[in-house]
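Here is what TrEMBL records for this protein:
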- 96-535: domain 'Amino acid transporter transmembrane' (DOMAIN)
- 100-120: transmembrane segment (TRANSMEM)
- 126-145: transmembrane segment (TRANSMEM)
- 188-209: transmembrane segment (TRANSMEM)
- 251-275: transmembrane segment (TRANSMEM)
- 349-368: transmembrane segment (TRANSMEM)
- 388-409: transmembrane segment (TRANSMEM)
- 452-469: transmembrane segment (TRANSMEM)
- 475-493: transmembrane segment (TRANSMEM)
- 514-536: transmembrane segment (TRANSMEM)
Amino acid sequence: MHSFHIPFSYKSPPQFLSNIHQNLSFSLPPIINIFTMLPRSRTMPSRIVHGVVEERHDIMHYWKVDDRTNASTETQAMNIEDNYSKSFDDDGRLKRTGTFWTASSHIITAVIGSGVLSLAWAVGQLGWVAGPIIMILFALVILYTSNLLSQCYRSGDPVTGPRSYTYMEAVKAHLGGRKVKVCGMIQYINLFGVAIGYTIAASVSMMAIKRSNCFHKSHGKDPCHMSSNGYMITFGIIEILFSQIPDFDQVWWLSIVAAIMSFTYSFIGLALGIAETTENKEIKGSLTGISIGTLTHAGTVTATQKLWRSFQALGAIAFAYSYSIILIEIQDTIKAPPAEYKTMKKATYLSIFVTTAFYMLCGCMGYAAFGDEAPGNLLTGFGFYDPYWLLDIANIAIVVHLVGAYQVYCQPLFAFVEKWSAQRWSNSDFVTAEYDLPIPFYGIFHVNFFRVVWRTIFVIVTTVIAMLMPFFNDVVGLLGALGFWPLTVYFPIEMYMSQKKIKKWSSQWIGFQILSFGCLLVSIAAAVGSVAGVVLDLKTYKPFKTSY
């Protein structure tokens, strides 16, 4: 999970007409139609303004329009009711306009991201037989559990029941209790880990731009070793600045930039893999993956290390596929009828098919080009040296993508902590007060001291951890392992069984438990392999002194 979170919703109104027959006289600006396509995110907790947690999100409040009684006729009231039903859905929010095609594009954009860069390495650990088969098995499991999750968008009846706007709300509506807290903890740990992973990936790409130019100037004679620490610090400073912008992840053009950047570097990686294979006039690799005795940067591969690396590859593939955390939000953009889950099911089929085909091409062509020497990151491991300018374009695209992606993943965590703090220390000006800071050519910027300090500390901590453990493949594998079973398999299955009231020890219940337990074993294996990779790398690593 590694592409941009799509900005789906604005400050959405709950049922704002307590009595639909009351005569209201108000008008909405024409620009409101734009917000049906580019609305404010529902993942964000309620806004905090001068220490007050905003919970009212109705249309009139959003547009600062007051309701006022008008001595209108009964006919006018009926017209308002008709217009209301045409303009708003059953939950009082503006009519959704999403379709099969928009949902498919959102899923593809969300799935294809930085995880694609490690697929050639993952296939290299598993080989020509197991690699493609495991990628297909992951696709089938995610396809199945995504369909289960889509039916949990509404609680009770999947067609007319109350809607859930986020993954957490769906868990709360169907399971409730302790499981909601567990789900939240897993999500926020995952978001924290993603921030570390993105810091590593972005800094390595920044450094790769400098190294590719160095290789070009020296014609490959200079090894061009350099440290990634300066680039991580630079990335951290950039993120500290962007982190101070409230709702930065909801800037309307972020999703467009994300799609362009992720497809740019993905297709460049694919094209270079095809070109390298064509130039070699042979397909490298073996049926069983990396050979025992192969020399790597961490030493010679032993039989035990091959097992750990194979497990780690499972986590890398899981990381590349994971998107279930935002499936509910994508579904919440779809119009009805037909029922949202039916449209989502079709969109999931198309999206997973397209993504799997693309991943198979990227992973297999990268492995065919480099065999056992397939780099952990296809565009920064320097399996490719030329054309250097094309590598620079790809790595610039990665950096631009991850600068925004960092904020997309961290802003919900920022908002959660800030909302909790405002409720815990509601009388503290440091936590709740906002001050107006005039900025030339911009206007008034609202400054909150707690937000500045907390977000700055968060970025510093993730940057320092990234500098301590700058192991891209290990971190990617661990993130994939942590998120795959609980978020992609366990909670969707539990919610579906709760909704359908499936009885314990029935044949369907037993089937679900077998699937869930099998995926749990995969996650555990991937986590163990990734931790073993970290331990192995630490044997040849000096803190803050790693050079590439």
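Positions of Cβ are set from backbone N, Cα and C atoms, glycine also.
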Stretch-level contact, the transmembrane segment (251-275) and the transmembrane segment (514-536), CB cutoff 8 A, at least 3 pairs: no
Spatial neighbours of the transmembrane segment (188-209) far in sequence, C-beta under 8 Å, 6+ residues away: 1-2, 114, 117, 226, 228, 231-232, 234-236, 239, 325, 377, 379-380, 382, 391-392, 395-396, 398-399, 402-403, 405-406, 409-410, 412-413, 416, 458-459, 462-463, 465-466, 469-472, 475-476, 478-479, 482-483, 487, 548
Stretch contact, the transmembrane segment (100-120) with the transmembrane segment (349-368), Cβ-Cβ under 8 Å, 3+ pairs: yes
